[in-house]
Amino acid sequence: MELILRHLPQTTNSSIFFQSFKSQPHLPLFTVLLSPFRQTLSVSSTIQTSIAMPDQEVGKGSPKSSSLSPYEEAMEALSSLITRRTRADASNVGDQFDLLFDYLKMLDLEEPIANMKVIHVAGTKGKGSTCTFTESILRNCGFRTGLFTSPHLIDIRERFRLDGKEICEEKFLAYFWWCYDRLKDKTDDNIPMPTYFRFLALLGFKIFAAEQVDVAIMEVGLGGKYDATNVVQAPIVCGITSLGYDHMEILGNTLGEIAGEKAGIFKNRIPAFTVPQPDEAMHVLEEKASQLNVPLQVVTPLDAKLLNGSRLGLEGEHQYVNAALAIALCFTWLKKTGHVGDIYLEQTDKLPEQFIKGLTSASLQGRAQIVPDQHFKSEISNRLVFFLDGAHSPESMEVCARWFSLAIKEYNPDPTLFHQQLDNSKFSHEVVKTHNEERVSQGKSTPILLFNCLTVRDPQLLLPHLMKTCADHGVYFKKALFVPSLSVFNKVGPQAFTPTDPKVDLSWQFNLQRVWENLMQNSKGKNIDIVSEELKDDMETSASNCEHSAVFPSLPLAIKWLRDRVQQNQSLRFQVLVTGSLHLVGDVLNLVKK
């Protein structure tokens with residue numbers, strides 16, 4: 001399969017750059033680069049002002065305060081836009097979806113978005129992975145990429161990636177205040193400030209336009225039809241990942257209703273791809289595609305042989321269908337933008353080298369990620385290892401459980417842990433290999449569950465799927481720990497992580513614990529050595545300690561308990577599955593990577 005790439009001319013002229021730099025040596029390098037080439041975007045003068053004059057007030061949206069850093073000020077302003085989510089439907093005109101087009105006019109984004117070469121991706125599961133694969137492939141093909149995803153795990157800047165790297169703080173602040181101040185000046189009672197996610201989507205479009213990316217990969221935040229990213233009227237290609245039951249309080253109670261919302265990103269005659277779906281969902285997708293004359297194609301999982309002996313950069317068998325979708329999106333984008341010759345997508349005998357490199361080098365935090373606790377010195381770091389996956393639907397919980405069950409076997413082959421022999425040929429991980437070489441041999445592995453989920457989720461669906469799938473693979477949790485969120489919904493940045501509240505409401509965590517204990521009681525006699533003797537005592541910091549589980553009033557206390565047990569008992573090795581919520585995964589990463 002021949003791939004023909006066009007090398008784009010350099011956008012910067014060296015003589016202009018050096019002349020600009022000599023005349024403005026006090027400005028950061030990226031500001032100088034912006035000024036000669038961004039006049040049409042009307043952004044450079046504001047960016048220069050906001051950075052070159054830090055002691056002056058940039059705009060009414062960015063008040064100076066001695067107690068906050070410039071980045072914290074931006075996070076305070078962003079937090080002011082957070083509201084409780086409401087269902088966007090016909091009854092409220094898509095939660096006033098048309099306001100987004102007013103915001104585009106205020107930010108002079110109509111023309112830049114119309115000219116932007118967008119890949120638009122919606123779905124229930126695998127959106128982030130598919131977008132990550134897509135970005136990595138096209139970057140390895142030599143294109144300047146912009147990637148917008150959600151949610152972030154630790155830092156808001158994770159949502160905006162340029163050439164595979166999150167935007168630097170300096171650029172982020174410049175673009176943030178340019179957008180925020182302009183919207184503050186132009187909005188009023190009739191057209192209020194955009195809400196949190198809408199502002200972030202608008203900011204993403206501004207960043208990608210100003211940075212002149214060749215391709216913008218936009219992940220839908222929620223749904224599709226009324227999502228803020230759906231202001232794109234003519235994407236190059238659209239993708240729909242696996243559909244399932246999630247956000248039903250907003251998107252609908254049936255797969256058909258959910259599929260109808262996701263298909264809202266379809267545009268007239270714009271090609272679209274999806275993966276194998278349940279019949280109810282596929283029927284709706286096909287119907288919506290037919291109404292808009294959309295050529296909709298279904299991809300099949302990638303044949304691992306096409307990777308020439310390499311492995312996908314994202315772990316898990318389910319990633320092969322996400323990779324296949326990404327390949328289809330990339331080939332179509334290349335063809336429609338004139339960067340590739342005639343290629344038959346049905347041809348499966350070979351992948352271009354750039355595609356293979358993109359697929360095998362892709363990385364995404366919080367999905368099938370393995371992190372030894374960096375609180376410990378290297379010689380004992382393997383005795384407390386976190387296996388993180390932000391699964392939060394019944395289907396993704398099963399996938400997560402399969403990955404964890406096989407990953408811990410690779411990480412520490414321990415015949416006493418498994419009651420079945422498994423074919424693990426499809427699962428490998430560079431992190432696992434590295435730590436296998438360095439691991440300490442002493443100590444028995446102890447699987448621990450660290451769990452929380454949003455109150456809109458049903459633990460009666462999530463936890464049974466997790467427990468049964470792990471049990472089917474011979475893995476039984478010795479203890480389940482339930483914790484409240486460390487971050488709060490109405491704050492972004494460092495201030496979002498609140499200290500332990502002695503009066504924190506743990507009623508939801510007690511409910512999760514009851515579900516777990518009931519499941520364990522019903523499974524008695526089906527597993528072996530459920531409770532380790534080492535875990536029965538020393539639970540004084542927990543709010544509720546039962547035979548198989550404990551509720552902690554905060555995540556830091558739960559992690560401290562794990563660390564203390566490992567340090568006090570040389571025979572213990574904890575392998576902790578963190579799942580149920582990407583927010584929980586982000587909170588854990590924020591703590592264990594410090």
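For all residues, glycine too, the Cβ spot is worked out from N, Cα and C.
Please treat TrEMBL annotations as automatic predictions, because they have not gone through curation.
Note that this is a predicted model, so its numbers are computed, not measured.
Annotated features, as they stand in TrEMBL:
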BINDING   SER150, GLU219, HIS247  Mg(2+) binding site
BINDING   ARG367, ASP389  ATP binding site
DOMAIN    121-270  domain 'Mur ligase central'
Residue pair SER150 (Mg(2+) binding site), ASP389 (ATP binding site) - Cα distance, angstrom, rounded: 15
Neighbouring C-beta atoms (10 Å sphere around the C-beta of ASP389 (ATP binding site)): 26
Across the domain 'Mur ligase central' (121-270), average pLDDT on the 0 to 100 scale: 94
Nonlocal neighbours by CB distance (under 8 Å) for GLU219 (Mg(2+) binding site), same chain, sequence gap 6 or more: VAL121, LYS127, GLY128, CYS131, LEU147, PHE148, THR149, SER150, THR229
Fewest other Cβ within 10 angstroms of its own Cβ, chosen from the binding-site residues SER150, ARG367: SER150
Secondary structure tally of the domain 'Mur ligase central' (121-270) (DSSP, helix then strand then coil): 70 helix, 22 strand, 58 coil
